[in-house]
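Novice: According to TrEMBL, the protein carries these features:
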type: DOMAIN; residues: 50-231; note: domain 'DH'
type: DOMAIN; residues: 255-353; note: domain 'PH'
type: REGION; residues: 1-29; note: region 'Disordered'
Amino acid sequence: EEPPGDGTEPWGGGLHNSNNNASPVGWPGPCGTRPFSPFAARTASPEPSYVERVVLEIVESERTYARDLRSIVEGYLGKIIDAEEPLLRPEQVSALFGNIEDIYELSSNLLQSLDSCDHDPVAVAVCFVTRSQDFDIYTQYCNNYPNSVAALTECMRNKQQAKFFRECQEQMRHALPLGAYLLKPVQRILKYHLLLQEIAKHFEHKSGDDYEVVVEAIDTMTCVAWYINDMKRKHEHAIRQQEIQSLLLNWKGPDLTTYGELVMEGTFRVHRVRNERAFFLFDKALLITKRRGDHYIYKNHIPCSSLMLIESTRDSLCFSVAHYKHIKQQYSLQAKSAEEKRMWTHHIKRLILENHHAIIPQKAKEAILDMDLFHPPRLPRCSPERLKKSWSCQPLEEP
């Protein structure tokens with residue numbers, strides 16, 4: 001049962017809350033979870049359809065979610081701002097809460113629109129389609145979330161700040177601490193497309209304009225989830241790239257950011273080399289280093305425009321890389337698994353093709369990469385071109 005005055009339930013077996021449960025409410029539970037009444041047959045209303053129950057779940061879970069966001073904004077952030085003596089430094093507040101106020105405003109407006117849909121699944125789908133660009137504020141929140149966790153950890157080590165947060169939790173009668181509530185936007189944005197998919201699965205007529213609107217809503221929110229995950233990955237890679245730069249010894253070249261995004265990194269045994277080598281594959285170069293403690297000693301680098309890949313026919317786990325002008329200086333690498341080899345050779349081929357000086361037709365590139373029998377996951381109806389049109393991509397902030 002829910003604690004009095006709280007919209008969440010204790011999480012068990014991993015992170016879970018009622019906001020993000022994709023199972024529609026009102027489904028019959030095991031062994032008579034509904035109370036028996038001798039007058040039920042007279043007073044019961046017609047049983048809602050599956051789609052109606054899914055729509056109800058979307059609306060009611062959004063209501064609970066908006067209430068949880070309000071508790072963060074008013075029950076924690078508002079009290080910090082209104083305090084006579086500053087409890088947290090301004091940079092702590094910014095890192096801890098991010099743009100939670102913008103998230104709350106969007107959820108409140110979305111809930112207002114959902115309430116006016118009168119449980120019409122098509123009208124609910126339209127609410128998401130018309131707000132496709134508004135959801136980009138979640139990207140900023142998700143990118144900041146690691147900073148939020150770090151800031152909260154720092155606050156809980158301070159006795160005065162930790163006491164303040166506990167008192168806020170008690171006043172709002174929350175069963176869970178602030179950290180659980182700050183995670184909710186990250187969870188919620190990745191659940192919308194799953195809930196909408198439940199509508200499509202059980203839609204009465206899987207054709208016509210109404211069904212197309214539902215499918216468009218699914219595509220929209222799937223693209224949002226994909227975009228946020230992709231931006232999160234790029235943000236993490238950018239942080240890792242700066243970390244590599246700070247740990248790299250004997251490097252006299254330019255800043256590593258000039259070589260584009262970090263695509264892959266790994267440690268391999270190299271033929272005729274005693275110690276393993278750490279390889280970093282960037283968009284425009286392959287960096288070869290030797291690990292020494294926490295640092296990396298620079299050994300060599302090969303621009304992707306000059307990179308050669310030689311796959312071994314004798315050993316299924318081996319492949320070689322070299323500069324095409326220095327073919328005798330090959331690095332023969334041994335992967336730990338066939339999957340690791342396939343991943344590395346696929347991305348090396350892709351980057352060789354993308355950085356080649358000659359203009360290679362797109363179909364030829366695809367044909368070469370398809371020979372790997374490796375296809376990166378692609379979401380249907382969500383092309384990069386569509387993302388560029390639907391999203392105003394902002395550059396990532398420096399960590």
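Positions of Cβ are set from backbone N, Cα and C atoms, glycine also.
Because TrEMBL annotations are produced automatically, they should be read as predictions rather than curated entries.
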Novice: Express the predicted model's confidence over the domain 'PH' (255-353) as a mean pLDDT, rounded to an integer.
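Specialist: Computed over the domain 'PH' (255-353), the mean pLDDT is 93 on the 0 to 100 scale.
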Novice: Just to be sure I understand, if DSSP states are collapsed into helix, strand and coil, how many residues of the domain 'PH' (255-353) fall in each?
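Specialist: In the domain 'PH' (255-353), the DSSP-based counts are 23 helix, 52 strand, 24 coil.
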